[in-house]
Number of protein chains: 2
Amino acid sequence: MTEPRESKSIAHHVDAERLWRRHMELAQHGATGNGGVNRQALSDEEVTARRVLVGWGEAIGLVASNDAAGNLFLRLEGTAPDLAPVLIGSHIDSQPTGGKFDGAFGVLAALESVEAMVAAGARPRRSVDVVAWMNEEGSRFAPGMMGSAAFTCARKLADILSVHDAVGVGVATEIAKVLAAEPDLPGRPLGFPVAAFVEAHIEQGPILEAEGRTIGVVTGIQGKRTFRVTVTGEENHAGTSPRSARRDALVSAVAVVQALQQAMWDDADVVRFTIGRFDVTPNAPSVVPARVVFSIDLRHPDTDTLRDLGDRIPALCAAAAGRCAVEVRELLHDPPLTFPDAVRDRIRAAATDLGIPWMDIPSGAGHDARYLHYHCPTGMIFIPCLNGLSHHEAESATKDDIAAGARVLAETAFGLANQE
Amino acid sequence: MTEPRESKSIAHHVDAERLWRRHMELAQHGATGNGGVNRQALSDEEVTARRVLVGWGEAIGLVASNDAAGNLFLRLEGTAPDLAPVLIGSHIDSQPTGGKFDGAFGVLAALESVEAMVAAGARPRRSVDVVAWMNEEGSRFAPGMMGSAAFTCARKLADILSVHDAVGVGVATEIAKVLAAEPDLPGRPLGFPVAAFVEAHIEQGPILEAEGRTIGVVTGIQGKRTFRVTVTGEENHAGTSPRSARRDALVSAVAVVQALQQAMWDDADVVRFTIGRFDVTPNAPSVVPARVVFSIDLRHPDTDTLRDLGDRIPALCAAAAGRCAVEVRELLHDPPLTFPDAVRDRIRAAATDLGIPWMDIPSGAGHDARYLHYHCPTGMIFIPCLNGLSHHEAESATKDDIAAGARVLAETAFGLANQE
């Protein structure tokens, strides 16, 4: 695969200092005391951060717009503006104790990519839209990836608008607030045709760092199934009820968890099995627990393995629950997906041409790219993050790696935008 | 042991219907939808329930008072009011999902006992105080038995006042609220001399029911040790972090719990080992847990066994915690105790005289009588409860057993109050 000569010069217009400065500036919106970011979806901090992005885009002639799901677009118009555009970007909402790079890097690298095209005087054939998807994290309004789900019709807009946060504020109210703060921006329809989508992101894992590679060409996103397990026993007095008379929900839940851990164990360490939430009722030191409700998060890159492992869960729970009743409810089943070669080849070629060391890598985490994958040819570019840490205030990435990621994204996007 | 003739007539003045009605009336204060009671210590529901008790007492000439720890007294003045009084009673605070009888029975049976003395025209030599101790349950403000602990100097009042509930409300604030709601009540000093204390209570276990006995003459209270175990790992992403890189606090905590359960197992089923509270941080489905804090409640009637089992806990936790750090903190070590023969003999004699079937029985649960035992001659009277259930909205006892318990208490208290 060869790129036109002017392409090479685009990557050279990526300004590492400016890109780094913008990461630090954006992180001021929702900055925490520990150097992290608390900029949850549709918060006031996100409103001001969006305005900063719009300002940076308009300064170089990009046209800002938004849609009914609160997604934000900054368009570099192509020479054939009637063709479906290429979208590049990610999200700028964060976890409550998040970092400066998860999501923000993908949006700022996309902005830097079109800024480099502008600086190089290299106008692409198709328009290129920088996009910031609404509520990827899902920490305030669950589940996440709402903006990309609504855009691609994976979820109905009406369903998303009816979600409320922990204190009862609705998505509908907060999207209305965000759009009201951007009265100068024209609206875009949901689900318009897209030629391709590329998302750059920190890896959120330790592999690139360990392998000494700067770019991860993401092969796909592993599948994910989630369950809610309810173990029901009987409340009793800790001092008076003999063990033989108890139906202790915690005793049964612990046995169930150990049985599941054993069954999900794989020597290759590919299965991702996590019990992250575990709630005991009544949760009092001198009361034998009556109920335990816990979550299961199961992920695997192979469709059949994910199906088989997940399908075993109800029987495993029932067998290990002892005297207590157990109920298993599946909440989500997203099969694994593989990004198309057409996009992955372009990313590999861009990295190779620029002399940046790369490797193929699967994505353990979900991303907006999951939903876009079913809407248009999609790919992802990873860069290393310090110690593999993410969703953490100490999350970090280097100036050089960020710039390298932006260079590969700029070349990839320009190539895709010049396609027929 | 012989009782004066008029004593026998006291028991005959116990009114089973009135006593039952008062249980139902008191249960309206904090009534739950499932027929239980949520009347936690120092709550507004307890304030109104105290006022009802005061009203019942004043209607028969009892003098109400309270003390700085929020204990409530209703005094039947004796013919020798300068002598140390006999105290009878229990508590009226409940677990969050408690029943109508735990605690309330002991207070209402005590009130019925003095009402029977009044009705019989049998004024005792010593005054008899009906008492409702503050915060026996310890579910809102931990640990429990606060009022009796402060009264007997087992704990300093200042320490108790500095305790806060889960939402940050302090005992000091809530006691001030309770006392402000009783401006007509004179204050009593903590720790005044007491001639004897007798507490009637539901058994909270299945033994009396199984043995077909109406009265349990409580021999003593088993010992209790409590611990707080903190397991510390590292927060991580459920989708991206390999098992080999995780320090999952829940995985380690589950292993620790199973190791403890195994070590505390006894064929005779005498050891009472309970993990009632288990809190996970950050407790989010897609985040590998960083920390688990859980409670241990260990009880045994034998001093040496309790000491040996409890002393093994730190080493057992450390050995099973795997990659996580574990810290064990002991919160309480109450050795087993035996009530004096002088009080037990009186209870046995009263039941025998009244023709009510009784048996000796140990107490598995802690009670305010534990602290009073170290302050004055103390005893306890148990009655059966349905299926041994307590700390439960379905907790139940029969009208006949309640009346029988009150009759034995009335005779016992009258006998103690006529002592030199």
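In case you wondered, yes, glycine gets a Cβ from its N, Cα and C as well.
What TrEMBL records for A:His91, A:Asp102, A:His201 is Zn(2+) 1 binding site. Long-range neighbours of A:Asp102 (Zn(2+) 1 binding site) (same chain, six or more residues apart, CB within less than 8 Å of its CB): A:Ser94, A:Gln95, A:His201, A:Ile202, A:Gln204, A:Ser390, A:His391, A:Glu395. Taken residue by residue with DSSP, A:Asp102 (Zn(2+) 1 binding site) is part of neither helix nor strand, so it is coil.
A sphere of 10 angstroms centred on the C-beta of A:His391 (Zn(2+) 2 binding site) encloses 27 other C-beta atoms. TrEMBL lists A:Asp102, A:Glu137, A:His391 with the feature Zn(2+) 2 binding site.
As annotated by TrEMBL, domain 'Peptidase M20 dimerisation' applies to A:220-320.
When DSSP labels each residue, the domain 'Peptidase M20 dimerisation' (A:220-320) comes out as 37 helix, 33 strand, 31 coil, counted as helix, strand and coil in that order. Non-local contacts of A:Glu137 (Zn(2+) 2 binding site) by the CB criterion (under 8 A, 6+ apart in sequence, same chain) comprise A:Gln40, A:Ala41, A:His91, A:Asp93, A:Ser94, A:Gln95, A:Gly98, A:Gly103, A:Gly144. Among the binding-site residues A:His91, A:Asp102, A:Glu137, A:His201, A:His391, the ones with a Cβ under 8 Å from a Cβ of chain B are A:His391. Cβ atoms within 8 Å of the centroid of the Cβ atoms of A:Asp102, A:Glu137, A:His391 (the Zn(2+) 2 site) belong to the same-chain residues A:Ser94, A:Gln95, A:Gly98, A:Gly99, A:Gly103, A:Glu136, A:Ser139, A:Ser390, site residues excluded.
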